[in-house]
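Below is one structure, written out as structure tokens; the observations come after it.
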Amino acid sequence: MSNFAIILAAGKGTRMKSDLPKVLHKVAGISMLEHVFRSVGAIQPEKTVTVVGHKAELVEEVLAGQTEFVTQSEQLGTGHAVMMTEPILEGLSGHTLVIAGDTPLITGESLKNLIDFHINHKNVATILTAETDNPFGYGRIVRNDNAEVLRIVEQKDATDFEKQIKEINTGTYVFDNERLFEALKNINTNNAQGEYYITDVIGIFRETGEKVGAYTLKDFDESLGVNDRVALATAESVMRRRINHKHMVNGVSFVNPEATYIDIDVEIALEVQIEANVTLKGQTKIGAETVLTNGTYVVDSTIGAGAVITNSMIEESSVADGVTVGPYAHIRPNSSLGAQVHIGNFVEVKGSSIGENTKAGHLTYIGNCEVGSNVNFGAGTITVNYDGKNKYKTVIGDNVFVGSNSTIIAPVELGDNSLVGAGSTITKDVPADAIAIGRGRQINKDEYATRLPHHPKNQ
């Protein structure tokens, strides 16, 4: 039989105090909704239907082309949300997972186990439950002496005995699909909230003597539903621990994993060393034996093997093998650094390609440049690429030596093996093998300093 999935993502999330739909708030680099969608993939659903509502267009954009969508224009409860999927799923034979889009910590393994449990026990409905020493506020799972599920009782309706139950409802379920939609026709809004509850379906199945079961999560953290910023931070913390643990098991060294922030899609090779307060975001890839020191921040970038990045920022760029960057360097988007390049302290590179073995040791700006191999930038070199309206390109050939405190005004080209004298302002192309000097001639006026106030003779 087929599996189907319904993801509930229509809510506004008032307690988040945000214009962004709740399910689009991010945990470890991707939205909560994407986390749930990826985990749902473990059950290989034939159809996945996502119920949208508040700012539906934003939610649909995130999963465009990956799921079918239905709209819940009025948020009238979880049962009502599932009703919205009727045109797509009613009458199909199979098992349907119903899950909230604000549960980013649920794993694919747990959802697969839930489905298997449901099928193996021939249940018409199976509740995903968890156990906690502090069940206050959760619906409790009431079982009989044979451990069969009798009902779900909410906190406000629970007896003193029922309040002692530690098994709680996580809000995730599996149903026989055909029976689900038959039962939905019989639920109503006769409750304090005036809403249709999916839990009422469980009651209907019990009344008709059909088999209802419960599968208990091994890890309570997976049950977390995010309703406010506090829970969002908790989810981020748990996810970060999971991610860092995975990398450590796979051969990555962390000085302080609790103070290291790595997004879920980051890839890290063997023998990488990561110090505290390192952040790796987006689609970043780190090559083997690279060292990332305290304070390094890398976004959507590829760093090769054996690199050393010291307290620096790299954004949307590629860094080849053996490169050293920092401290206090900034590699801005659309830059590429060739093998063995050295970018030192207080150097900024923007939108530039730099050939292998090139060095910019300190206090340099390289913007909109095409730089060859074995180039040396002296301290204080500035490539001037912007005239207030347009940006221009500088081309620097191989084996060029740029003296300290030089200003290179684009558009300009420095030929192979050329040399720029220290303190020069370069406004014209420099031919290959030439020396360019663009500075005022030094004039010494003998004894002139004796006329000035600072001279000891005038004190």
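Positions of Cβ are set from backbone N, Cα and C atoms, glycine also.
Residues or ranges marked as region 'Pyrophosphorylase' by Swiss-Prot: 1-229.
The 10 Å shell around the Cβ of Tyr365 (UDP-N-acetyl-alpha-D-glucosamine binding site) contains 22 further Cβ atoms across the protein chains shown. Look at Swiss-Prot and you will find 8-11, Lys22, Gln72, 77-78, Gly139, Glu154, Asn169, Asn227, Arg332, Lys350, Tyr365, Asn376 tagged as UDP-N-acetyl-alpha-D-glucosamine binding site, backed by sequence analysis.
Under the DSSP three-state reduction, Asn227 (Mg(2+) binding site) is assigned to coil, being neither helix nor strand. As annotated by Swiss-Prot, Mg(2+) binding site applies to Asp102, Asn227, with the evidence given as sequence analysis.
Taken from Swiss-Prot, the feature region 'Linker' applies to 230-250, supported by sequence analysis. Here the region 'Linker' (230-250) has a mean pLDDT of 98 out of 100.
Residues annotated as region 'N-acetyltransferase' in Swiss-Prot, with sequence analysis given as evidence: 251-459.
Taken from Swiss-Prot, the feature active site, proton acceptor covers His362, and the record attributes it to sequence analysis. Cβ neighbour count for His362 (active site, proton acceptor) (all protein chains, 10 Å cutoff from its Cβ): 18.
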So if I measure Cβ to Cβ from Asn169 (UDP-N-acetyl-alpha-D-glucosamine binding site) and keep only same-chain residues at least 6 apart in sequence, which ones fall under 8 Å?
Ile127, Thr129, Tyr138, Gly139, Arg140, Ile141, Ile152, Thr199
Find the shortest Cα-Cα separation between Leu8 (UDP-N-acetyl-alpha-D-glucosamine binding site) and the recorded positions Asp102, Asn227, His362, and name the residue that gives it.
Asp102
In sequence order, what residues of the same chain, 6+ apart, have a Cβ less than 8 Å from the Cβ of Arg332 (UDP-N-acetyl-alpha-D-glucosamine binding site)?
Glu315, Glu316, Ser317, Glu348, Val349, Lys350, Gly351
Which recorded positions sit within 10 Å of Asn227 (Mg(2+) binding site) - Cα, from Ala10, Lys22, Gly77, His362, Tyr365:
Lys22
Just to confirm: which same-chain residues, 6+ apart in sequence, have a Cβ under 8 Å from the Cβ of Gly77 (UDP-N-acetyl-alpha-D-glucosamine binding site)?
Thr189, Gln193, Glu195, Tyr196, Tyr197, Ile198
Would you mind checking how many other C-beta atoms are within 10 angstroms of the C-beta on Gly139 (UDP-N-acetyl-alpha-D-glucosamine binding site)?
22
